[in-house]
């Protein structure tokens, strides 16, 4: 499937070395103020060349809106946007077209379909997340305009090095919108999008991996602030279930947790439970160990999510593989231009999928008028 969502639907299309990539967004209400540059700004955060740790593939990723936005507002009709590929070098892959790359979807695609686009992974490439970000930019605008919901992501771990900043070290920090704006500026000016004081140590770790012709992964934390109580449904349409599906749909993602996550298995119930109190006739939580979701439904506290990102599978080391034509063992050495770490570029993609998920559930739950704003 290439479509995500039930009421706010995003269909992505395109391949890494194809002519273009893009998205069609269906279900966005009319009259949402949005400019092409709002979407372009999100694409700029994802595109190659973000930092010294990004692939040297040169792509401007300039957006073209084909429909659905007129005179600075959505019309209520499908929004279609695309980005043309201009910097692809398909010849880099011609020598290994019959030799699947370890860690990539090449072999699985070939075994399932009997055919696959070997040029940069085709549809399984991280470049296809351009469509996710186009859809996510619209969703971000929608939930912020209607409910002042803000979504921010940042690295908390790079390789084996843990950072010193995350939600649970200072939850009060996230109560202020101005703090979130400052955090965004800080992370965007860091090549690893990491606000931790020891980010220089992390940079050295990645540089060392590059020298060894290797790659590294990491952990990203995503915070959704301002989501009202009641978003999501019990059992099979849970908020965390939808978010998990959205995140796991990104190829680099290998793990997902909510709130205290796996750490909660170490805690007593008395430590994990979020106790309640009344303040100015409002029921509040003393803590947010559940991460803003209980019973599949948002509590009104910030939603706290963490995602594990695997090391970039394209590395320059010689690896063992097979030849699909001769059916013999074969060594493979991957050329081309690749990220030694994909973590910082995945952050805007995760933010986008979180926004799409929230927008979809808020429309279905009656928080946002599906017709017009």
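Going from the start of the chain as shown, residues are counted 1 onward.
Positions of Cβ are set from backbone N, Cα and C atoms, glycine also.
What Swiss-Prot lists as NADP(+) binding site is 46. DSSP assigns residue 46 (NADP(+) binding site) to a helical segment in the three-state reduction.
Residues or ranges marked as FMN binding site by Swiss-Prot on the basis of sequence analysis: 123, 124, 125, 251, 252, 295, 310, 311, 312, 313, 314, 337. Counting Cβ atoms from all protein chains shown, residue 310 (FMN binding site) has 17 others lying within 10 Å of its own Cβ.
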Winner by Cβ contact number (other Cβ atoms within 10 Å) across the binding-site residues 46, 123: 46
Which residues in the same chain, at least 6 apart in sequence, have a Cβ under 8 Å from the Cβ of residue 125 (FMN binding site)? 15, 16, 251
Per DSSP, to which secondary structure element type does residue 123 (FMN binding site) belong, with helix, strand and coil as the options? helix
Return the residues near residue 312 (FMN binding site), defined as same-chain residues 6+ apart in sequence whose C-beta is under 8 angstroms from its C-beta, sorted by sequence, else 'none'. 215, 217, 252, 338, 339, 340, 341, 342
Taking the Cα atoms as reference points, how far is residue 310 (FMN binding site) from residue 46 (NADP(+) binding site) in Å? 17
Between residue 46 (NADP(+) binding site) and residue 314 (FMN binding site), how far is it from one CA atom to the other, in Å? 18
